[in-house]
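Student: If you scroll down you'll find the structure; I have some questions about it.
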Amino acid sequence: MTPEAVPGAVAAGAGAPVPVRRGSEQRMTRQRRAVSAALDDLDDFVSTQELHRVLRERGASVSLPTAYRILQSMADDGLVDVLRNADNEAVYRRCAVEHHHHHLLCTYCGRAVEIEAPAVEQWAGRIAAEYGFTDAAHTVEIQGVCPECTVLRNRT
C-alpha cells in the first residue's frame with residue numbers, strides 16, 4: 001500500500017495536511033461500474049490481471065489497460081487499498097474499514113487480514129517527531145503464512 005492509497009492518510013510536505021480524496025471525480029462509465037461491482041463481490045486482494053479475468057467471465061467488456069487505469073484511479077481516490085504481494089505485484093481490494101489500518105498478508109494464498117495497531121501508530125508518530133518530520137504517513141504490511149496454509153504446508 002502506498003501512502004497516497006491509504007484511507008485517511010495525508011500527503012507529506014510543508015503546510016497543512018492534505019486529506020486523501022474520498023470518491024472519484026471521474027465519470028461513472030460502464031467499465032468503471034463493472035470494476036466497482038466486481039471488487040464489491042471479491043473478498044481477497046486481486047491483481048489487475050485476476051480482476052480482468054473475473055470481468056471477462058462476467059461478460060464485461062473492459063480492456064486490461066482500462067482496468068489498470070480504473071484501479072489506479074480508485075486507489076488514488078482512496079476507494080481501494082493497494083498492497084504488494086510476494087511477487088511485488090500490486091493487488092487491490094475494497095476494505096471493510098475506511099479509516100487508516102494495516103494488513104497481515106498470507107504469502108501462500110493471498111488472504112489479507114485488516115488489523116488495528118495503536119502501538120505502531122504511536123511509534124510512527126514518535127519517530128517522525130524525533131526526526132522533525134511533520135504530516136508523516138506510514139504503511140505497515142506484515143507478510144507471513146496464515147494458520148490454514150500453515151496446516152496445509154505441514155501436512156506435505
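Even glycines carry a Cβ here, placed using N, Cα and C.
Sharing the features that TrEMBL gives for it:
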BINDING   His100, Glu121, His138  Fe cation binding site
BINDING   Cys106, Cys109, Cys146, Cys149  Zn(2+) binding site
COMPBIAS  1-20  compositional bias 'Low complexity'
REGION    1-29  region 'Disordered'
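Can you walk me through where each of these features ends up in the structure?
Tutor: The C-beta environment of Cys106 (Zn(2+) binding site), restricted to residues of the same chain at least 6 apart in sequence and closer than 8 Å, consists of Ala112, Gln143, Gly144, Val145, Cys146, Cys149.
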Student: For the recorded Zn(2+) site, whose residues are Cys106, Cys109, Cys146, Cys149, find every other residue on that chain with a C-beta no more than 8 angstroms from the centre of their C-beta atoms, and list them by sequence position.
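Tutor: Going along the sequence, the neighbours come out as Thr107, Tyr108, Gly110, Arg111, Val145, Pro147, Glu148, Thr150.
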Student: Would you mind checking how many other C-beta atoms are within 10 angstroms of the C-beta on His100 (Fe cation binding site)?
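Tutor: Its Cβ shell of radius 10 Å holds 17 other Cβ atoms.
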